[in-house]
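A short worksheet on the structure shown next.
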């Protein structure tokens, strides 16, 4: 089964998703068949092929008659500003990855479904009535396949939750604070310019700029036991990619640096392999560019004060790691849904073979259509 994906919004995350799909050779599992982006097709092709952060695309990229051609695949390029106009029916879309950063409500998800998509995954935090907010590696196994409206949380939530969850299971976290040291983003100007947030009127390359963050709320949504137990602040720094997370937690018993690091190292080699990483190499932020993991612990920076106050430095590629998790979640969800569909089909066939009444048979077929 090859999952048919549409991307709505082809910015940093959308392009990273396409690149990750091809770099990881997952085209047999998933295919991006259509991209909705208001930019000119020539610019779309150019920015797919040439990327200042991740380098040149590893395969030829060509543009022909509004088709983005990569390897043997044709990706349709469309330009619609209204969700109601999107051609998902026409392209038989299984999952829409909405990477606009704009939409996130139940009504927005319903608009995608009405346009013909079976499921919607937002690449950013969504409204509280979302069917599920998923941090892959932590709670993705709670999905049933029935969900239609999902959020992939945020890059920073995906970075922090595996670390917090792991340490809580071993040392019982009481509370914590986080400082996100995030690379500049495209909502910041190159030189001073107008913005509703006065701090973001300032040149991205000239200052460390405090910005708002909802990271604490994101952690609470995945790990409800930590309601009102975490606070977070964020600053943007003059780099183009990779984020550092300064995590401080109070645990319920005295611990040592070695115990903390051993716990995280073990997780990186077992249940969170390829999600959480661990290193003691003398690395800097650029060394984590294009790292597909959600978070990487720098064990040399772990500190313990007064026995139970723990500080950690955690890295993540806020583009590449997150894009890989979106693909992981898409594949997992679509396969769950397909398994349910097949089970429903087998049930109806079995009942037909046993001569079940047409009334019950019709009811089961109606349920199958809903699934």
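Any Cβ shown, glycine's included, is placed from N, Cα and C.
Feature list (source: Swiss-Prot):
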| type | residues | note |
| --- | --- | --- |
| BINDING | 12, 13, 318 | NAD(+) binding site |
| BINDING | 154, 155, 156, 200, 213, 214, 236 | substrate binding site |
| ACT_SITE | 155 | active site, nucleophile |
| SITE | 182 | site 'Activates thiol group during catalysis' |
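Features as recorded by Swiss-Prot, highlighted on the structure.
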residue: 12; record: NAD(+) binding site; DSSP class: helix
residue: 154; record: substrate binding site; DSSP class: coil
residue: 182; record: site 'Activates thiol group during catalysis'; DSSP class: strand
residue: 213; record: substrate binding site; DSSP class: coil
residue: 236; record: substrate binding site; DSSP class: strand
residue: 318; record: NAD(+) binding site; DSSP class: coil
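Comparing Cβ neighbour counts within 10 Å across the recorded positions 12, 182, 200, 214, 236, the minimum falls on 214.
Apart from 12, 13, 318, the residues listed for NAD(+), the same chain places the Cβ atoms of 11, 16, 155, 319, 322, 323 within 8 Å of the centroid of those Cβ atoms. Recorded residues residue 182 (site 'Activates thiol group during catalysis') and residue 214 (substrate binding site) have their alpha carbons 14 Å apart, per Cα-Cα distance. If you measure from the Cα atom of residue 13 (NAD(+) binding site) to that of residue 214 (substrate binding site), you get 19 Å. In sequence order, 243, 316, 318, 319, 321, 322 make up the list of same-chain residues 6 or more apart from residue 155 (substrate binding site) whose Cβ falls under 8 Å from its Cβ.
Max Cα-Cα distance over the annotated substrate binders (154, 155, 156, 200, 213, 214, 236) is 20 Å. Residue 12 (NAD(+) binding site) and residue 213 (substrate binding site) are 19 Å apart (CA-CA, integer value). Neighbours of residue 13 (NAD(+) binding site), defined as other CB atoms within 10 A of its CB across all chains, total 23. One residue stands out among the binding-site residues 154, 213, 318 for having the most other Cβ atoms within 10 Å of its Cβ: 318. Mapped onto three states, the DSSP output places residue 200 (substrate binding site) in helix.
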